[in-house]
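Copied from Swiss-Prot, the annotated features are:
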type: ACT_SITE; residues: HIS11; note: active site, tele-phosphohistidine intermediate
type: ACT_SITE; residues: GLU89; note: active site, proton donor/acceptor
type: BINDING; residues: 10-17, 23-24, ARG62, 89-92, LYS100, 116-117, 187-188; note: substrate binding site
type: MOD_RES; residues: SER14; note: phosphoserine
type: MOD_RES; residues: SER23; note: phosphoserine
type: MOD_RES; residues: TYR26; note: phosphotyrosine
type: MOD_RES; residues: SER31; note: phosphoserine
type: MOD_RES; residues: LYS106; note: N6-acetyllysine
type: MOD_RES; residues: SER118; note: phosphoserine
type: MOD_RES; residues: LYS251; note: N6-acetyllysine
type: MOD_RES; residues: LYS251; note: N6-succinyllysine
type: MOD_RES; residues: LYS253; note: N6-acetyllysine
type: MOD_RES; residues: LYS254; note: N6-acetyllysine
type: SITE; residues: HIS186; note: site 'Transition state stabilizer'
Amino acid sequence: MAAYKLVLIRHGESAWNLENRFSGWYDADLSPAGHEEAKRGGQALRDAGYEFDICFTSVQKRAIRTLWTVLDAIDQMWLPVVRTWRLNERHYGGLTGLNKAETAAKHGEAQVKIWRRSYDVPPPPMEPDHPFYSNISKDRRYADLTEDQLPSCESLKDTIARALPFWNEEIVPQIKEGKRVLIAAHGNSLRGIVKHLEGLSEEAIMELNLPTGIPIVYELDKNSKPIKPMQFLGDEETVRKAMEAVAAQGKAKK
């Protein structure tokens, strides 16, 4: 018997997803299609009768706007929202802004897959001469981060290492209080939570593709452990196509 329910949603397609570019900590907004994805995700939650007590998101507008769109659809815009850099997307370092297919053609699909999907291999760091270095590293939303906390690049392992303390210290206590929690975040910060919840191996998390804009539902026991695998709110065809699209992102164009 489930003691709690948790809903995760990956932000809708961003303008840089649309251009197939590595976004990372660059603050790309939703594309028009991404806004529609978020709207459909919200409508799926509304149709299923979901209500929430508290929401968590990153400090990046594609996740925040997805959350706003969902809350609008379910008519719960008044809910408290906690924003944290710890739920940000993985920092793609020197790859930030590069087209994924062009990068695959240059470095090989295998190398790009390692950078995108490996557990502990970071991409090349973002150097001070990178075109988006000041845009990210000097942004005042990160002014309170220590030098150790502000990354120049991250592996998935690094992303999980900064997301999990927030999960354990801030989100889990809310779940255990019986609060109905909604998390709107990013592919890699959410994969970190999923890996932790399901006890997935490093190899399994490498192959996990989370679709954009589709609510992911977990039923949890009293210890905040899943009693069954994640469920997607949406028709099977929509979910399958979305997951395939995510998997195809790092492949060179034929």
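The backbone N, Cα and C atoms fix where each Cβ goes, glycine too.
Features as recorded by Swiss-Prot, highlighted on the structure.
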| residue | record | contacts (Cβ under 8 Å, 6+ apart) |
| --- | --- | --- |
| ARG10 | substrate binding site | THR66, ALA184, ALA185, HIS186, GLY187, LEU190, LEU210, PRO211, THR212, GLY213, ILE214, ILE216 |
| HIS11 | active site, tele-phosphohistidine intermediate | LEU30, GLY34, ALA38, GLN60, ARG62, ALA63, ARG65, THR66, ALA184, ALA185, HIS186, THR212, GLY213 |
| GLU13 | substrate binding site | LEU30, SER31, ALA33, GLY34, GLU37, THR212, GLY213 |
| TRP16 | substrate binding site | PHE22, SER23, TYR26, ALA28, GLY97 |
| GLU89 | active site, proton donor/acceptor | SER23, GLY24, TRP25, SER58, GLN60, THR159, HIS186, GLY187, ASN188, SER189 |
| ARG90 | substrate binding site | GLY24, GLU154, SER155, LEU156, ASP158, THR159, HIS186, GLY187, ASN188, SER189 |
| LYS106 | N6-acetyllysine | none |
| SER118 | phosphoserine | SER155, LEU156, MET206 |
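Counting every protein chain shown, the number of other Cβ atoms lying within 10 Å of the Cβ of SER31 (phosphoserine) is 18. By a simple count of nearby Cβ atoms, those within 10 Å, the most crowded of the recorded positions LYS100, HIS186 is HIS186. Looking at SER14 (phosphoserine) and LYS100 (substrate binding site), their Cα atoms lie 14 Å from each other. In the three-state DSSP reading, HIS11 (active site, tele-phosphohistidine intermediate) counts as coil. Neighbour density at the Cβ, taken as the number of other Cβ atoms within 10 Å, is lowest among the binding-site residues GLY24, GLY187 for GLY187. Least packed by the Cβ count within 10 Å, out of the modified residues SER14, SER23, is SER23. Under the three-state DSSP scheme, TRP16 (substrate binding site) falls in the helix class.
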